[in-house]
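The structure appears right after this line, and notes come after that.
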Amino acid sequence: MRSTLLFSGLAATALAAEPFLNEPDTGLESYLQQSNNWTEGTLPPLKDIRGLNDFDFAARQKLTTENYFYYRTGSAGEWSYRNNLDIWQKVKFRPRFLRDTTKVNETLGISILGYNFTSPVFISPAPRAQYCDERGELNYVEASAAEDTLYVAAMYAKKTIEEIAAAKSNNTINGPQVIFQQIYTNANLSVTWDNIARAERTGAKAIVWTIDAPADAVRHRAARFDTTNANSATSALTWDIYDQMRNRTSLPIIPKGIASVEDAQEAIRRGVKAIYISNHGGRQLDHSPSPLEIAYEIYRNAPEVFTQVEVMADSGVRYGSDVLKLMALGVKAVGLGRPFLYSNCYGKDGVQKAIQIMKKEIALDAQQAGIADLKKISPAMINARELEDTVYIGEKAT
Ligand SMILES: Cc1cc2nc3c(=O)[nH]c(=O)nc-3n(C[C@H](O)[C@H](O)[C@H](O)COP(=O)(O)O)c2cc1C
Ligand SMILES: *[C@@H]1O[C@H](CO)[C@@H](O)[C@H](O)[C@H]1NC(C)=O
Ligand SMILES: *[C@@H]1O[C@H](CO)[C@@H](O)[C@H](O)[C@H]1NC(C)=O
Ligand SMILES: *[C@@H]1O[C@H](CO)[C@@H](O)[C@H](O)[C@H]1NC(C)=O
Ligand SMILES: *[C@@H]1O[C@H](CO)[C@@H](O)[C@H](O)[C@H]1NC(C)=O
Ligand SMILES: *[C@@H]1O[C@H](CO)[C@@H](O)[C@H](O)[C@H]1NC(C)=O
Ligand SMILES: *[C@@H]1O[C@H](CO)[C@@H](O)[C@H](O)[C@H]1NC(C)=O
């Protein structure tokens, strides 16, 4: 007993040194309790959601443990999951003042593959949206149309490719709504060709090909309920499949899950127009790097990548300032997975609020940092010195 107490005392001290917080405490729960208008186990009013992490708390009130664990799980010890959330602390801003930043909102828009969106934020592919709301992914389609945001639909979405396409708006900044379709390649490639054909028929504008799932992932949290992987069929994933796919579709193919400078360069040699940096939200290989570390590795070894192709990124993004740090390195569009799944517990309004929160935070933090024009954001806006000790530097690095 004594040694147990001693042990837990030491453990507490060790934890106190560097506590991991799934959501830093910004007072949501104390606020709700003093409001006398909230019962544990029910959704807080949407108006009381102030930041994306509040949606995680809210989703825990509504979802069963099993469904929440499916969304929340990382792989193995969830070190990558935690690193994705923690790493932002290592990169500081270098705020510049006495610059007129009042027009920054007008510079928030981006274009990807020639399509325009009103902010750099997009909805990453993550299926089973029906756990939070029975309208499932339809809420994503509608909220992204309302906010002129890119939606990357997941192949294993509850709603079919056709149902998602039928819900598209005809009246967005691009005219008809632009959706990209995520796919996994199947061991039986004719299934893959069918999926690509369906995406083409229903008007998807790009194929986002997930390359970071060459095997089932080790996911202890989700395994407790046997809900580990969406793509349980494993198949040989090779660049040859990319070449075959290239022959089968005229849609741009965006490899999702690029995690090294070499794979970014190989993708460029193969002729891609965009790459998608990600560690799948820490759900595949534990100890795979966060998007900030990957973007920095590319920036340090081959900065030209960011001008040769359009770079998308996701994993662990929760604040406008996270988006700005990636953009400073040259990333163009930044996705979020779990926050949108959680926000869908409030249906379309929740998803839309999540997008609005990000737009607002990006604009306000850009102003705070002295970034007048997001199209001209540069690496000089950040101090990434703390990443220098860990970044991979290849032979050809300068
Ligand atoms: C519940 C869940 C399911 C996911 N399923 C897929 C998928 O089917 N295909 C895919 O490419 N990525 C999938 N992802 C990864 C997301 O596209 C994205 O990379 C990740 O969620 C980003 O990290 P974040 O959740 O920290 O924002 C999934 C993520 C979650 C949380
Ligand atoms: C209490 O919560 C309900 C439902 O969430 C909401 O409609 C109402 O406005 C809230 N009342 C106050 C005083 O905040
Ligand atoms: C968009 O236009 C198509 C073709 O005219 C139509 O079938 C579809 O219902 C429209 N979608 C919406 C959401 O109005
Ligand atoms: C995107 O915006 C640019 C610049 O405003 C414009 O020239 C282009 O036509 C737009 N593209 C689409 C698809 O609307
Ligand atoms: C592969 O999938 C197609 C359907 O797209 C099916 O007709 C065929 O039988 C499958 N082949 C094998 C070996 O399972
Ligand atoms: C792609 O198509 C070309 C022309 O038909 C062919 O020569 C080539 O072998 C094909 N490549 C793959 C990987 O299928
Ligand atoms: C930019 O837009 C946000 C709302 O999205 C608003 O809160 C902010 O005040 C705007 N900034 C400026 C400078 O207009």
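Glycine is no exception: its Cβ is also placed from the backbone N, Cα and C atoms.
Those TrEMBL annotations? Automatic predictions, nothing curated.
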Check TrEMBL: it lists Y70, Y184, H280, R283 as binding glyoxylate. Then name which of R135, R219, R224, R318 it lists for that same site.
R219
Looking at the FMN binding annotation from TrEMBL, with T210, K256, S278, D314, S315, G316, V317, R318, G337, R338 already listed, which candidate in Q182, Q244, Q352, Q356 is the matching residue?
Q182
Listed in sequence order, the binding-site residues within 10 angstroms (C-alpha to C-alpha) of K256 (FMN binding site) out of Y70, R219, R283 are none
What is the total of other Cβ atoms whose distance to the Cβ of Y70 (glyoxylate binding site) is within 10 Å?
21
When pLDDT is averaged across the domain 'FMN hydroxy acid dehydrogenase' (44-387), the result is 96
Tell me the Cα distance separating D314 (FMN binding site) from R219 (glyoxylate binding site), rounded to the nearest angstrom.
19
If the FMN binders are Q182, T210, K256, S278, D314, S315, G316, V317, R318, G337, R338 per the record, what's the largest distance between their Cα atoms, in Å?
22
Using CB under 6 Å from any atom of ligand 5, narrow the binding-site residues Y70, Q182, Y184, R219, R283, R318 to the ones that qualify.
none
Tell me which residues of the chain lie with their Cβ under 8 angstroms from that of G316 (FMN binding site), as long as they are six or more apart in sequence?
Y81, N83, N84, L85, I87, W88, G281, G282, S290, P291, D322
